[in-house]
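Worksheet: the structure to be examined is printed underneath.
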C-alpha cells in the first residue's frame with residue numbers, strides 16, 4: 001500500500017530476469033553489464049539494460065527482498081522523492097562504477113571488463129538512509145550478548161548480496177558512496193538529479209493505477225510509523241487504548257449501580273490474606289509496622305481522570321506500591 005514504484009521494481013525486473021534465465025537465454029547478452037563495450041564501442045545503452053535487470057536469480061531474489069524492505073521510504077517521502085533518490089543514486093553509482101574500475105586497474109593492475117548486472121547500485125544506496133533514519137528496535141537477544149533488531153535481517157540480506165559475486169563489492173561501494181553524496185546537504189545533488197513534476201504526473205496517471213494496491217481493510221488506521229514493526233506497535237497500542245476505554249466505561253456503569261464503591265475484599269486477596277495471617281501469627285507491634293506508602297498526587301489525578309474515585313485510587317496505589325500500571329489494571333479488573 002502507498003508504494004507503487006517499489007511494487008513495479010519488484011515485479012517488472014524480477015519477471016524479466018526469470019524469463020531471461022528460463023526461456024530467453026540467448027537474449028541475456030543484451031543485458032550484460034559489459035564495461036569494455038561501453039568504453040570502447042560506446043554502447044551506452046548497456047548502462048540502462050545492464051544496470052536494471054539481474055542475470056543471476058540469487059541477486060534477483062536478494063535485491064527484491066531488499067526493495068520490499070525499503071518500500072518504507074516511498075511511504076515516508078512519496079513516490080516522486082523516492083524515485084528522485086533512485087534516479088540520483090543510479091546516475092552517481094554508474095559514474096563511480098567506472099571510476100572504481102579505473103582505480104582498480106591503475107592501483108592493483110586488475111582488469112575488469114564486466115560487472116554483475118541488475119539494479120544493485122541504488123539498492124545499496126538505500127542502506128544509507130536506512131542506517132541513518134530508521135530507528136533500531138531490539139527484538140531478541142542471543143547468548144546474552146548479541147542483539148537481534150528489526151534491522152538485522154536487512155543487513156544479512158545485504159551481506160548475502162555482497163558475497164554473491166566476485167566484483168559486486170564495486171557496485172556496493174559505488175552505491176554506498178552515491179547514497180552518501182545524494183543525502184549530503186552540502187553538495188545539493190538532490191536539487192539537480194531529481195524527477196521533474198510533469199514526469200511524475202505522467203507516471204502517476206499511467207502507471208500508478210496499474211501498480212497501486214488497495215488499503216488493507218482488516219487493519220486499524222493509524223499514523224505512519226518509520227518501520228513495519230512500529231506500525232504494528234501503533235496498532236497494538238490503539239487496540240489497548242480501545243480495550244481500556246471500554247473497560248473504563250463498563251466500570252463506571254457498575255460503580256453507578258453499586259453506589260460508587262469498589263469491593264476491596266476482592267482486590268489483592270492473596271496480599272490481604274497473607275497480611276492478616278501474618279498479623280494473627282506474629283502480632284507485630286506498632287514499631288514493626290511499615291509506614292504507609294506515599295502516593296503521588298499526579299498519579300491519583302490520572303486515575304481520577306479515568307473515572308475512579310479518589311479513595312479507590314489512593315487504595316490501589318498504596319496496595320500496588322505506587323505503580324500506576326498495576327493500580328490501573330487492578331481497578332479495571334475489579
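Yeah, the Cβs are placed from backbone N, Cα and C, and that goes for glycine too.
A TrEMBL annotation is a machine prediction, not a hand-curated record.
Residues or ranges marked as domain 'UBA' in TrEMBL: 294-334. Each residue in the domain 'UBA' (294-334) has a pLDDT score, and their mean in this model is 76.
What TrEMBL records for 275-296 is region 'Disordered'.
Counting only same-chain residues 6+ beyond the ends of the transmembrane segment (6-24), those with a CB under 8 A from a CB of the stretch are 31, 52-55, 57, 60, 64, 67-68, 70-71, 74, 82, 118-119, 207, 211-213. Sequence annotations record features per position, and here TrEMBL assigns transmembrane segment to 6-24 (among others).
Per TrEMBL, the feature transmembrane segment maps to 85-108 (among others).
Proximity of distant same-chain residues to the transmembrane segment (114-132), defined by a Cβ-Cβ separation under 8 Å and at least 6 residues beyond the stretch ends, is recorded for 9, 13, 17, 31-36, 50-56, 59-60, 63, 66-67, 70, 73, 85-86, 89-90, 92-94, 97, 101, 151, 154, 158, 161, 164-165, 167-168, 170-172, 174-176, 178-180, 182-183. Look at TrEMBL and you will find 114-132 (among others) tagged as transmembrane segment.
What TrEMBL records for 153-182 (among others) is transmembrane segment.
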